[in-house]
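As recorded in Swiss-Prot:
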type: SIGNAL; residues: 1-26; note: signal peptide
type: TOPO_DOM; residues: 27-499; note: topological domain 'Extracellular'
type: CARBOHYD; residues: Asn225; note: N-linked glycosylation site
type: CARBOHYD; residues: Asn234; note: N-linked glycosylation site
type: CARBOHYD; residues: Asn283; note: N-linked glycosylation site
type: CARBOHYD; residues: Asn341; note: N-linked glycosylation site
type: TRANSMEM; residues: 500-516; note: transmembrane segment
type: TOPO_DOM; residues: 517-523; note: topological domain 'Cytoplasmic'
Amino acid sequence: MGKTMWARAVFLCFSVGTLLWQEVLTRRIPVDTGQCGLPKSQEDLNSFLWTVRRHPPAYLFGTIHVPYTRVWDFIPQNSKKAFHDSNSVYFELDLTDPYTISALANCQMLPQGENLQDVLPRDLYRRLKRHLEYVKHMMPHWMTPDQRGKGLYADYLFNAIAGNWERKRPVWVMLMVNSLTEADIRSRGVPVLDLYLAQEADRMKKKTGAVERVEEQCHPLNRLNLSQVLFALNQTLLQHESLRAGSFQAPYTTEDLIKHYNCGDLNAVIFSHDSSQLPNFINVTLPPHEQVTAQEIDIYFRQELIYKRNERMARRVIALLKENKDKSFFFAFGAGHFLGNNTVIDVLRQNGYEVEHTPAGQTFTAAKPKTNPTSDDSMATDSPAMKYFDHVPATASYFGESDEEMLPPHLLLPDSISQLEEFGKQNSWHRKHYRNQRPRQFNDLWVRLDDSTTTLPSNTRNTNGEQSAESLVWLPEQDHHNYLDVKLSHSQSNSSPKCLSASPAFLYTLVTLCLITTMRTRS
């Protein structure tokens, strides 16, 4: 009788383990996303709006590169009014210009006749190829029913993001890998905040422009030496392999960024991470020689992608303000450019401009556009400040810079602006678009690093190690909305719970404890 009971107990333990494992494979376990509720009053909202005191006024607005529906309801009404009442709206890049697309595509490519396999070490190339095969296999499972309902197809989406990857420079492949996460794929379907503002400005017939060029943004990345690029690509692959294996969780996630933007502290660290779009590779677990490489990359990125970029953007803002004294402006840049040290605001103040933070709930009277900006010939389009924005290479005389100064520019690195192709100005995608292989669009070229991380687990440091990655880490799923139906005055923001798959080790431990208890009972 005792043996029979013991056998039944053993069978029960294994049955429990099997059922738990099946639950993990077939169902997602909800985890609190930690998102905050919408405040009851405007005064309680975070404000990323600054006012440049002039007549008419100019505004600086800090954005983040996430789907706009996740943050729009948390943006104060006075920020939206400033956008609505401004004559001109300027961004970091012209998000809807075909020239941007072709220039970025050319910048990312290796020299003619070279392939990635010729540049990368064999082991690193093999790991990269295997990871991309894994992503391609998983993409149909990552996509949401809502995305499929809008006509997005996994094969098309993968090729749109990773197409021709073997011809790209290694540093751009690294950024591409960071954009091929489940969280990023599931966020496709709604334009990011920057792109939404650009589309709204276009719909409202406002004058739009940019303060940066693609050529400027590409050069800093392409000037990294090969050893630095290989180090960065290896670190990136290691962290994604660890995420696949369930042994690692990124400290900076899209959800963290959204929470800080909507209701958290104005933490310059996390917003700088979003604005530079590159991880900090410094890690205390690295050996000394790799620490040196990581520090060199960190210093280079910080100088080129944040400080120099802030300086250049501010000088071009100043040029626009001087050349168009009777026009009101709304400058929408990444929030990280306005927070911390050596910011765009600091440069403006150093040049005599009075810039004040505009709290949520503060009322002001903005100057409304006098005429239709698109037909207003009084805009100084032939001025030195405006010549820069023409589709021709800028010369030194445009901004009083030498050719040498024009070369080391600043970078709006890939982010979730990478949405124009799927969502652009069309209602939906159809399979025929993939079959016809139409020209690639802006979002194919921009990638995002929202879920990248600045640290690496010590047990995965081996640069030539082969990783086993069978268990998945489920990341947030977005409940998307058709942005064409959402007007400037209102949006909806829903997200389903963040989910994590249970670790196999945890399940086996549970079964083992059950067996031990059973054996003790038998004895």
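The backbone N, Cα and C atoms fix where each Cβ goes, glycine too.
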Notebook entry, point to check: Among the glycosylation sites listed here, Asn225, Asn234, whose Cβ has the fewest other Cβ atoms inside 10 Å?
Noted result: Asn225
Check: Per-residue pLDDT averaged over the topological domain 'Cytoplasmic' (517-523) comes to what?
Finding: 55
Check: Relative to the Cβ position of Asn341 (N-linked glycosylation site), how many further Cβ atoms are located within 10 Å?
Finding: 10
